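Notes to accompany the following structure.
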Amino acid sequence: MNVKEPAEEAAIQLRTERQRIEPEGEEQSEQPTDLRGLFPEEIAALLTPWGQPTFRGKQIFKWLQNRAVREVAEMTDLPQALRVRLGEAGWLKPLAPERHRVARDGTEKYLWRLADGELIESVLMPYRRAQTRDRVTVCLSTQAGCPLSCRFCATGRQGFRRNLTAAEIVGQVLDITHEKRKDDPDFKVTNLVFMGMGEPFLNYDNVRRAIGLFTHPEGQAIGQRRITVSTAGIVPGIDRFADEDWEVNLALSLHAADDKQRSEWMPVNDRFPLAQVLEACRRYWEKTRRRLSVEYALMAGVNDRLEDARRLASLFKGWPIHLNLIPVNAVAGIGVRRPEREPTERFLAELRRWGVDAVIREERGQDIEAACGQLRGAAKGEEEA
């Protein structure tokens, strides 16, 4: 038997995924019908052969996307015969809650089982505010696993399984909302970050559709400026994102300031070197005039020296960026250390000395492995809250 080495397997996965994000000839496999991945007019078209009026599409859409119901039987203003037929069609596929954990800081992690048995994770982060309304952020997964194999990331270590459908992406927010409204009828997610499991730009079409569903005025109606999509540097995806007619935010997972180090920790850099990624990000800024967010995971003795800070600052000289420093989180089997507070503060001060708008990002949910780089979509080894 010819067994491929892990690096070779990762390269094959990356080549396969590359083909999916090229603007020309992107192919989407036919997906099973799931009402939560459809817009009102699409639901209406689906029901036209049943002799249903057009307004049924908007009616059902609001039940699903605004009220976050999980059962057709809950759509009480639909005719009974239609509810029965919809139920028999099997077009509503809510995520199956596998495990729920709550951190000391109030962060919640949800483990979901998909219809085919795959596991994904989502994170709910409530931020309490005294003067303004509370901010409630959900960190979303876009793939089961991830093909990019970033060395410091738990998701990358488990390999790539498949892309999530738009319904599965949207379903993470809808099913969290459904659960939370049992105790708080006014619960609402206000912000979204596509920073969970997977690379969003390797599932571009489904991410794009999900954003459209999230922002639809008859659904969750989340403001575009309250949504951030993060990429490890998929250049065609960045260019496509820049051409979108929206105000969704872009974040770049950078984590190193030179090609040698970045390729060592992020193999995707071999396909899209740093210069290409930065050129694409500059094109994004020139087209949109929207400030780029940059994520930088600090690893003790790896990329946390003052010379690293100066090199990082030089990459973005004259750019209106916001840089988040993220002291790396513990992931079993990786062997990287989180830097102490003092060198982290020195790194931050050096960046600011060179004119970079930078902060040390507040980390949430570390005690339940819900922080950056810790999501892994696994049922074993976790304790139920």
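Backbone N, Cα and C define each Cβ position, glycine as well.
Swiss-Prot annotates G198, E199, S253, L254, H255, N329 as S-adenosyl-L-methionine-binding residues; of S230, S293, S314, the candidate listed for that same site is S230. A gap of 10 Å separates the Cα atoms of C150 ([4Fe-4S] cluster binding site) and H255 (S-adenosyl-L-methionine binding site). Note on the recorded positions C139, C150: the fewest other CB atoms within 10 A surround the CB of C150. Taking the C-alpha atom of C153 ([4Fe-4S] cluster binding site) as reference, the shortest distance to any of the recorded positions E121, G198, S230, L254 belongs to G198.
Counting other C-beta atoms within 10 Å of each candidate's C-beta, the recorded positions E121, C153, E199, S253, H255 are led by E199.
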